[in-house]
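What TrEMBL records for 21-199 is domain 'Cation efflux protein transmembrane'. Residues annotated as transmembrane segment in TrEMBL: 20-38, 58-76, 83-102, 114-131, 151-168, 174-196.
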Amino acid sequence: MSDCCDNKCFDGVSEGYKRALIAVIFINAIMFVVEMYAGLVSGSQSLKADALDFAGDTATYALSLAVIGASVVTRARASLFKGATLALIAISVLIMTVFRVFSGAPPQADTMGLIGFAALLANLTSVAILIKWRDGDSNVRSVWLCSRNDAIGNVAVILAAFAVAYTNTAWPDLIVAVILASLFLKSATSISLQALQELNTDRQSRDLSKRKVQ
């Protein structure tokens, strides 16, 4: 976690950063549609999990864009909302994966691999666009974490596709879905903790200012 208590963190107030966010929002929105359709057609739980993540990223990146220039409290609360959204996605993925365990049929490995590779390219593009702004307040950092984690998740989906093709079972797909859900939960915790730290620091600063006035 980057330390923003003693040093001022980048808060997103930059035209370059705003343009980067808009580009990444479009990339994620397009990939959500593509990957969810592929997940439904192929029966891949990990593709659907990754598609939900694209949807969540689209919404949270739009929120990040909306609160740029807002107060520390507003930005931190937006980050808490993002953390809650990630946690909700993780829980949804876990529930869907449990149901999928009982269906038995393996997903289409070729579709998994192809779409997983396309998603990886999309996320690597997003990472390249955002890497300049990977450190900052919880609002900025949450955007970077989401894109970085998505790229890691795409590699896992591609590996799962090879494993599904080799074993002819759904288990590799289901295992990757659980791993992705765990990654979402980890990011949700990290983002939320930094946001709470920022809220606490802001509250202490305001309390100190009030005491000085008195």
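Keep in mind that glycine also has a Cβ here, set from the backbone N, Cα and C atoms.
Count of Cβ pairs under 8 Å against the transmembrane segment (83-102): among 58-76, 114-131, 151-168, 174-196, the largest is for 174-196.
The stretch from 20-38, 58-76, 114-131, 151-168 with the most CB pairs below 8 A to the transmembrane segment (174-196) is 151-168. Listed by sequence, the residues of this chain that lie at least six past the ends of the transmembrane segment (20-38) yet keep a Cβ under 8 A from its Cβ atoms are 12, 44, 47-48, 50-52, 54-55, 57-58, 61-62, 64-65, 111, 115, 118-119, 122, 125-126, 129-130, 132-133, 143, 147.
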